[in-house]
Amino acid sequence: MDPRAQVSMVFHLDKCIGCHTCSVACKNIWTDREGAEYMWWNNVETKPGTGYPTRWEDQERYKGGFEQHGDELRLKLQGRMGALANLFFNPYLPTVDEYYEPFDYDYEKLFSAPEGDDQPAVRAKSMISGEYMEIEAGPNWDDDLGGSPVYAKNDPNLEHLTEEERRSLNEIERMVFFYLPRICNHCANPGCVAACPAGAIYKRGEDGIVLIGQDKCRAWRMCISGCPYKKPYFNWKTGKSEKCILCYPRLESGQPPACFHSCVGRIRYLGVLLYDADQIRSAAGAPNERLVDAQREMVLNPFDEQVVMRAKQNGISDDMIEAAQNSPVYKFFKQWKVALPLHPEFRTLPMLFYVPPLQPVQAAIHEVTGAYEIEGTGAAGMAPQFNLILEKARVPIRYLASLFAAGNETLIEDVLKKLVAVRMFKRWQTVVDLKHEEVEQALAYAGMTPEEAEAIFRLTSLPTYEERFVVPPLKREQSIESTRAPLTQKREAGFTRFPGSQKEPARGW
Ligand code: SF4
Ligand code: SF4
């Protein structure tokens with residue numbers, strides 16, 4: 001066992017209102033400068049939709065992430081040699097058109113236009129050429145229109161749906177969309193790190209944040225191809241790649257990342273996970289249907305004495321261990337199993353997780369529980385009702401399974417059953433239009449206790465800032481100290497590996 005600490009996030013998608021405040025907060029702090037105009041380290045997409053850059057999920061086009069070849073886990077970009085062969089011409093990089101041509105408006109004209117009969121109007125100007133331009137795309141071009149057939153039909157996840165499911169997504173009165181905020185996933189097996197020929201990218205030992213060393217970057221741009229989420233970006237001004245840094249300077253002073261802090265829907269939860277680096281290889285190489293479970297097994301129980309002892313030996317501080325014990329991410333992902341990684345089949349072990357959206361369901365609950373008598377006793381009696389509720393979910397299970405479970409529909413059903421059961425439980429408590437037996441059976445069928453339902457409700461709906469942000473101020477100086485200490489001193493302190501050495505497992509194969 002080789003415990004490592006990871007600062008990790010959960011996004012509760014039922015709470016996201018698609019306001020883009022997170023994107024703007026991030027943009028203002030980090031990418032409001034020359035060379036970075038087109039970059040959105042945090043972006044919010046409408047799903048179904050094509051996202052930013054367009055169709056980033058299509059790895060036949062972009063060749064991001066890893067794939068299993070027999071016993072070997074290889075970059076889809078064909079390993080180091082394949083990357084080297086494409087150093088001078090990489091056909092898998094997104095083009096400017098696949099991002100968008102960044103633009104601004106000629107606001108000056110509003111003030112300087114001569115007096116006339118018409119209101120002055122502003123025109124868009126390219127931030128690359130400075131010329132006037134017609135806008136044809138943007139980072140959230142299909143915002144709120146994802147559900148319409150014009151945009152949704154190009155979403156790669158729809159390829160897994162039946163013709164009928166695709167049609168029903170666009171039916172009037174059933175048309176549906178939801179928002180998907182995305183930042184770098186600070187993966188445990190990062191494709192960007194493995195693809196970089198210059199060794200410029202590293203995963204910080206003390207908190208798992210993935211960073212690009214600007215002094216080492218040689219502009220090969222293989223990180224952009226290697227990342228299946230397309231989260232490193234090339235800065236044309238500096239000639240270096242850059243990416244989300246999880247606001248580490250803010251975290252080091254006890255502040256949460258800007259996207260988290262500004263989130264209007266309070267959909268974000270930030271906490272610490274302890275995970276076993278010895279399991280990275282097996283978790284990343286697990287069969288598709290086992291990928292999420294294998295990643296859950298990789299996350300260690302922070303209350304286990306053995307885990308705590310080994311974590312301390314690895315130099316993980318007491319306050320990080322305590323944070324892991326109070327982590328909202330641990331609860332959502334490991335304990336309650338209602339959060340899932342985005343596209344686990346890319347095999348980078350993304351360390352940010354999503355609670356999938358339930359969508360309008362209350363009417364379905366009422367319709368179903370009102371129309372059907374409960375058959376049988378115990379949990380089994382609830383099965384037909386729940387199956388009907390899940391069938392009535394507007395976003396097909398298969399679509400969510402493609403996004404969050406490598407196609408494993410059972411995982412999505414298990415999450416949605418829990419979310420439905422929590423709503424039934426609270427409705428029974430507050431509105432009293434459901435029968436006690438119905439709720440009891442619903443909880444049993446979803447495999448949860450009333451206490452768990454209450455805890456999920458509490459952390460979903462009423463969390464305080466302190467419950468959503470459970471990360472101690474990161475102590476960079478201590479980590480640097482520990483790497484500088486003489487070897488004998490480190491041995492005496494019981495270090496087996498040193499903070500900062502976390503590159504090793506990701507690059508080994
Ligand atoms: S999402 Fe993962 S692979 Fe992509 S840049 Fe972030 S750490 Fe690297
Ligand atoms: S600020 Fe929060 S609610 Fe608004 S789009 Fe971003 S994640 Fe969603």
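Positions of Cβ are set from backbone N, Cα and C atoms, glycine also.
Through the fold, the domain '4Fe-4S ferredoxin-type' (7-35) approaches residues 41-44, 46, 139-140, 143-144, 178-181, 183, 186, 207-209, 235-238, 244-247, 251, 258-273, 327-329, 332-333, 339, 351-359, 419, 460, 471, 474 of its own chain, all at least 6 residues removed from its boundaries and within a Cβ separation under 8 Å. The domain '4Fe-4S ferredoxin-type' annotation in TrEMBL covers 7-35 (among others).
Residues or ranges marked as domain '4Fe-4S ferredoxin-type' by TrEMBL: 175-206 (among others). Assigned with DSSP, the residues of the domain '4Fe-4S ferredoxin-type' (175-206) fall into helix, strand and coil as follows: 5 helix, 8 strand, 19 coil.
The region 'Disordered' annotation in TrEMBL covers 480-509.
With a cut-off of 8 Å between Cβ atoms, the residues of this chain six or more beyond the domain '4Fe-4S ferredoxin-type' (175-206) that come close are 4-9, 11, 13, 16-18, 22-23, 26, 41-49, 51, 64-66, 75, 77, 80, 83-84, 87, 144-148, 152, 169, 212-213, 216-218, 220, 222-229, 231-232, 241, 243-244, 246, 248, 259, 267-268, 275, 277, 280, 283-284, 298, 315-316, 320, 341-342, 346-352, 354, 357, 359, 394-395, 403, 474-476, 478-479, 497-503, 505-507.
This prediction places the mean pLDDT of the domain '4Fe-4S ferredoxin-type' (175-206) at 93.
Counting residue by residue with DSSP, the domain '4Fe-4S ferredoxin-type' (7-35) contains 13 helix, 6 strand, 10 coil.
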